[in-house]
Amino acid sequence: LSNCLGGLCDRPKNTNVRLSLPAVCFVWQIAMIILFGIFIRYDEESDAHWIEHRKHKNISSDIENDFYFRYPSFQDVHVMIFVGFGFLMTFLKRYSFGGVGFNFLIAAFGLQWALLMQGWFHSLDYTDGKIKIGIENLINADFCVAGCLIAYGAILGKVSPVQLMVLTLFGITLFAVEEFIILNLIHARDAGGSMVIHTFGAYYGLSISAMLYRPNLDQSSALHGSVYHSDVFAMIGTLYLWMFWPSFNSAITDHGDAQHRAAINTYLALAATVLTTMAISSLFQKHGKLDMVHIQNSTLAGGVAVGTAAEFMLMPYGSLIVGFCCGIISTLGYIYLTPFMEKYLKIQDTCGIHNLHGMPGVIGGIVGAITAAAASEAVYGQEGLINTFDFVGDFKDMVPSKQGGHQAAGICVAVCFGIGGGVIVGGILRLPIWGDPADDSCFDDEPYWELPEDEESIPPIVQYNNHMRNKDVVESNFSMEQH
Amino acid sequence: LSNCLGGLCDRPKNTNVRLSLPAVCFVWQIAMIILFGIFIRYDEESDAHWIEHRKHKNISSDIENDFYFRYPSFQDVHVMIFVGFGFLMTFLKRYSFGGVGFNFLIAAFGLQWALLMQGWFHSLDYTDGKIKIGIENLINADFCVAGCLIAYGAILGKVSPVQLMVLTLFGITLFAVEEFIILNLIHARDAGGSMVIHTFGAYYGLSISAMLYRPNLDQSSALHGSVYHSDVFAMIGTLYLWMFWPSFNSAITDHGDAQHRAAINTYLALAATVLTTMAISSLFQKHGKLDMVHIQNSTLAGGVAVGTAAEFMLMPYGSLIVGFCCGIISTLGYIYLTPFMEKYLKIQDTCGIHNLHGMPGVIGGIVGAITAAAASEAVYGQEGLINTFDFVGDFKDMVPSKQGGHQAAGICVAVCFGIGGGVIVGGILRLPIWGDPADDSCFDDEPYWELPEDEESIPPIVQYNNHMRNKDVVESNFSMEQH
Amino acid sequence: LSNCLGGLCDRPKNTNVRLSLPAVCFVWQIAMIILFGIFIRYDEESDAHWIEHRKHKNISSDIENDFYFRYPSFQDVHVMIFVGFGFLMTFLKRYSFGGVGFNFLIAAFGLQWALLMQGWFHSLDYTDGKIKIGIENLINADFCVAGCLIAYGAILGKVSPVQLMVLTLFGITLFAVEEFIILNLIHARDAGGSMVIHTFGAYYGLSISAMLYRPNLDQSSALHGSVYHSDVFAMIGTLYLWMFWPSFNSAITDHGDAQHRAAINTYLALAATVLTTMAISSLFQKHGKLDMVHIQNSTLAGGVAVGTAAEFMLMPYGSLIVGFCCGIISTLGYIYLTPFMEKYLKIQDTCGIHNLHGMPGVIGGIVGAITAAAASEAVYGQEGLINTFDFVGDFKDMVPSKQGGHQAAGICVAVCFGIGGGVIVGGILRLPIWGDPADDSCFDDEPYWELPEDEESIPPIVQYNNHMRNKDVVESNFSMEQH
């Protein structure tokens, strides 16, 4: 595969996806309908039998339906997936349509597949073989999609929408398996998905990018940058991710204090990250000027890194310390590590996901392991400790120090699934059938989008050239007369 | 009227609204204050007597105040009305101010008038003759406004703000009557307003557009398109509508499972729509390129079409099927039907509301009728069936099959009110007193907005011209010297 | 100080903040970590002991955790602070990075310092000397930051990020003291912060702007305006502030009817403001054209002015009247007062905060005082009156008319703290060590941001110049040959 099936890859690129994209969309959507028909039903809180269920279980009020505990957080997470990730990827001067549009496409497909994959692992009702879904499943589906959107960041502008659909199909599948191993088999806790979502997503994307390495990508260098307004658009994405990250990290934690605490910890970690990101960005630039790339990305690293430990008793100052460190590490990553990885490791990372999700995700896993290992009844209370770490059932004899080890094992699983899955999927994506762009038309919406004529910039040039051409004619006539 | 009062319409257009717009705003706002003073009071959940009411009714906690059931959904709907509709209409290259600004104006007026109109029909306290409002009234007012904003989409760029105020005054009035007939007299259910909001709004707007037909609209064709950044702005609108549509369809459904289920159904329908929209958009374009018009609009059709049935036991796969079909139909509408309607039916539909709201709204009504007719105690449970379809009071003997017929009757009422109302209001709007723009200044903010000088495009021309002028002088001097 | 330490200010400006900005960020962030470590802990609703606390206090369900009462409002307020204020300040053609970016920086710092300052005054647990934080503290911290962001509006584009950090440090400190005096000592009520946030913030900012008066600011006049797309970006800010203002005014009011009523009152006041703003904007412009500056700003004045009285029984028509008046006053302020203040009072107010926050804030205080003084048991009910005005403890003998006087006293305290604090902080900011820009590089991102080359506008000029230069050479050669 690495020699790409004997030169097949050397054919001139054909980016026409007129048959392949509709075919993939239709076939997969029809498959979803069939599988949903066979497997997916409402759970007891979203089924019309709720009113009977409520009386049966002596639930005093409709407000105790899980919908009211989680719906506000769900909508915030939904905004992060579609506007947050989508607009963060509009920063390129001529790839804003692809950034926000393909993000939309793969998220909409991925969440359906995620409901099935995660449902089989977590929400299968063995009495009737059906997956029963409610609001928590929707949040988890959005989480699952986030892993693939992170991976998209590494290859932004260098792949076709068909490749992205393939990336998503395999990505969701790998995610669901990896998540089951980490959360259920290993019994690690990962409220905000530092390991499960961010670490996995980042290494999955980076491995794919390595497999799709383009030695002549500098042919697209003219489009590999932002313009003033595209940077402002990207700030919409940044800010929605930043503001709603407390909802992300608290969305599926336990009712009550766990959701409350996760929101506070995330809020604080992110605030500290902004200050150290700005500081490092200014310190390492000529003349102390701030770089928008850092502001758009590194300010979010604290939210990633506090993901696992957000529901633990990390303490407010602990959150600040995590945010403090990640702002520094992530920004330095953009300054030193990304160029290094491109030059020496042959990994081209368009959005710098290694700095925003990879390193902070691993740090988040480590912070989670340490915080778990250090947990004590003095800090959590007896019931609080059991509640927070879910020391029940098969794991009722678990102790914090051992939990710390399990957390650390989770990091390894996430990294391995990311790299292993990425290498395999990257190999598949190298097949010359997916309609990816040539090296000189990367970072360009032109191959996949009908573009409007840009009235604002073209006329001056056109007018100028026309004017010049006429003048030249006049002048050359004039010159001839002179001689 | 259709000959426009003997040539009065042929006068040169005067777009100066310096007297008419302030006059309308002041008179109507003062009328609102007076009517609110006479009629509108807080309901028992927003009145300071709540604490006594709570004890009296044995309500155990403040959390059972309806505010906590509906406020998150209300804010999401509010965002859809102002940012969703507003930014969706910024796609034109030089009508972004009008798109978002006039949307703001008419929504802010419309919601006040809607509180009164809907209040008289639904929230009048007969003991004291006052309308008692709470959070549900605010949501319904926003819904009511949505009907007028949909209608605005058909005539975007072709009318004056004064005409829009008139459209809104009559639109809200018609809406409230139509809604009362459909929901209360016919006893149809319409959680997300497929019939009441979308079908009515679309045919109201299309009829007005037909009445205001401009045969020479091609004189504005240079401005009848987007530029790169205006398409990205419009995606903000699209995404907020798409993300928050689950809140829209669940905002006023029953507490508990109905809200929960409506959110799930809408989430799924919209996801399926994205895939089939992208597929059809690519399949029917040269070279398989995606068209932003489709992505911005047709991806939302599933949310419209699942509106009526969202609170029913439509089943997750049912939602996917509805979304699947509507993505196809809506996109094909943009490709074939909109040009056909403009050419042969003389209906100019700027935003293509027939494809986004008209057809999907009718489909939504039909899906609702079928789902209602097919309802059974086996699926809903005995209490669930009564609860979901509100088979109480005068309608306690209703059965699902009959309910299906009532639902179908609702569609007809919505279409009739839309077309009938639109023809009458369109006739009124043809009077030559409203300050509408001439055919060659449609889709242009210039008539109604102070525009900033555009520093980014103008300077090169200006500098060039200045430079050229100086050179010409020099050269003509020089030439003269030659002779 | 006013002569700026004998000519030190006359040195050429050095805008390099490469040492000062990172130094301030690092030192202050480390200080925050230390102080949080010493002082800040979770409160009983966000601590892992909640489960025990719940049983002890006989709280029936997790849903009664304050998190579920306030989290949706918190997220809305969070959006207002970062996207609302941030994007409102992107309207300048070349200061969008600074508008949204510095807003991000100072808000992220300010909220940490606010948690400490407000915590010492309001949330200190005297048993262990710790500040116990929960969701309400996060909302209050965001509120506190809002005061400084308002002040930023007056000096937008004229200061360095280091100056903004200093402004924020002192601003938060002053805010916390002023708030303690107004709310606790004077026992005024101020749900939406008309006095505490808006009046204080506006006069703080205006005083600083007066102290930093730049007589030669017209040297930057070419950049002191908007372009088409920057105005659309600013509308994002406007709309998010407008839509979420009901959450702002209801976020920290009492559970139940008070939150419900505050949201309704704010919703109505803002709707009325839009109509009168549009009316006045059109009436006072040539040709009746609307001015985006008014639409972006004055439409929000009603939310400011209803802040204090939002939780009172202001009545729906009362809210409309407040909004009606403020739309007029604020828009007239932009037309007449801002130019007057700049010319005669030497106060340069970039965003017109006096019209959006200053005057409406004072009006809001007055409305609150009148509404409080007019309160009666007939309208509120006996328990409702005590609840709404918190007539308990030391103030259990308070009566409404006296409360009105206390409210009025609150306005004076806010104005005095704003002006007094602003003069002192403004004096400090005049020191020539902060890296502020020269008069001819105000409103420009260039001094503090790495800017992308703007592909859309630069090429024509560059090409033209290059072309011209070659031509000039040719022509001068040619000319020489002539002679």
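Glycine residues also receive a Cβ, built from the backbone N, Cα and C atoms like all the rest.
Just so you know, TrEMBL annotations never went through curation; they're auto-generated.
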The annotated transmembrane segment range in TrEMBL, which must be one of B:77-95, B:134-152: B:77-95
Annotated stretches the transmembrane segment (B:162-183) and the transmembrane segment (B:20-40) touching (3 or more Cβ pairs under 8 Å): yes
Highest-contact recorded stretch vs the transmembrane segment (B:317-337), from B:20-40, B:77-95, B:264-284, CB pairs under 8 Å: B:264-284
Same-chain residue ranges lying at least 6 outside the transmembrane segment (B:77-95) that approach it to Cβ under 8 Å: 103-104, 107, 139, 142-143, 145-146, 149-150, 152-153, 156-157, 223-227, 230-231, 233-234, 236-238, 240-241, 244-245, 247-248, 251, 292-293, 296-297, 351, 443-446
Among the ranges B:101-121, B:195-213, B:264-284, B:408-429, the one whose Cβ pairs under 8 Å to the transmembrane segment (B:20-40) are most numerous: B:101-121
Whole-number mean of pLDDT values that fall within the domain 'Ammonium transporter AmtB-like' (B:66-430): 95
Top Cβ-contact partner of the transmembrane segment (B:195-213) among B:101-121, B:264-284, B:408-429 (pairs under 8 Å): B:408-429
